[in-house]
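As given in TrEMBL:
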SIGNAL    1-25  signal peptide
COMPBIAS  39-49  compositional bias 'Basic and acidic residues'
REGION    39-105  region 'Disordered'
COMPBIAS  59-86  compositional bias 'Basic and acidic residues'
COMPBIAS  95-105  compositional bias 'Basic and acidic residues'
């Protein structure tokens, strides 16, 4: 039974030591990266571009369009208005007196 528990007892210590060891190398590598100086690169001279000559102005003659006559729209003939048929007169309904509601106390 003692041999069965032995690997479980060592496993946490093994994980802790491995994690501490890997973090130390990362910190040292980061510190070395920050401490190293980068050599300055020389500035290259900017090339000068030649001036572009201006474009010549081109004037084209305006095209002359012939005068066309305006098209005439034919008039639409007017249709007669329809007349409504006359309705017969309805007899008058006598007015009924309005009922009065009793007052509620």
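Any Cβ shown, glycine's included, is placed from N, Cα and C.
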Structural state census, the compositional bias 'Basic and acidic residues' (95-105) (DSSP three-state): 0 helix, 0 strand, 11 coil
The compositional bias 'Basic and acidic residues' (39-49): DSSP-derived helix, strand, coil residue counts: 0 helix, 0 strand, 11 coil
